[in-house]
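Annotated features in Swiss-Prot:
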{"type": "CROSSLNK", "residues": "Lys54", "note": "SUMO2 cross-link"}
{"type": "CROSSLNK", "residues": "Lys54", "note": "ubiquitin cross-link"}
{"type": "MOD_RES", "residues": "Ala2", "note": "N-acetylalanine"}
{"type": "MOD_RES", "residues": "Ser28", "note": "phosphoserine"}
{"type": "MOD_RES", "residues": "Ser57", "note": "phosphoserine"}
{"type": "MOD_RES", "residues": "Lys108", "note": "N6-acetyllysine"}
{"type": "MOD_RES", "residues": "Tyr129", "note": "phosphotyrosine"}
{"type": "MOD_RES", "residues": "Ser138", "note": "phosphoserine"}
Amino acid sequence: MAGWNAYIDNLMADGTCQDAAIVGYKDSPSVWAAVPGKTFVNITPAEVGILVGKDRSSFFVNGLTLGGQKCSVIRDSLLQDGEFTMDLRTKSTGGAPTFNITVTMTAKTLVLLMGKEGVHGGMINKKCYEMASHLRRSQY
């Protein structure tokens, strides 16, 4: 799905994000486009299944993983009409910095963004939501 790389380029253009991905979640979940060599390119079908699954209760206790990166769930509105967003933060290992992540959902895709160190989660959320809104208008 090479055409999706332009969406990744657009999401990364202003320099506030360190990672981005477009993931198809219907039928056979897979990464359609992502920043090469970063975390989201490694997202597994099992991780996608957990993200879009009906069981939302364990997120806040256990967190979840994206591309093998452990994350804490801050706010889960992914399955709520009109919102379709989930805000997360990476878990620190060995005192490393943590980063804000937003996941937004469309009819066929998940849009994922990870901000750079010090970038406010609200900025990432807004950018991710706007891309998802564009994809929804384009029937994705």
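Every residue, even glycine, has its Cβ placed from backbone N, Cα and C.
Projection of Swiss-Prot feature records onto the structure.
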residue : record           : Cβ within 10 Å
Ser28   : phosphoserine    : 8
Lys54   : SUMO2 cross-link : 6
Ser57   : phosphoserine    : 9
Lys108  : N6-acetyllysine  : 16
Tyr129  : phosphotyrosine  : 17
Ser138  : phosphoserine    : 8
Checklist entry - If you measure Ser138 (phosphoserine) to Ser57 (phosphoserine) at Cα, how many Å is it? => result 32
Item to check | Nearest of the recorded positions (Lys54, Ser57, Lys108, Tyr129) to Ser28 (phosphoserine) - Cα to Cα | outcome: Lys108
Checklist entry - For the residue listed as 'N6-acetyllysine' and Tyr129 (phosphotyrosine), what Cα-Cα distance in Å is obtained after rounding to a whole number? => result 15
Checklist outcome for this item: DSSP, reduced to three states, assigns the residue listed as 'SUMO2 cross-link' to coil
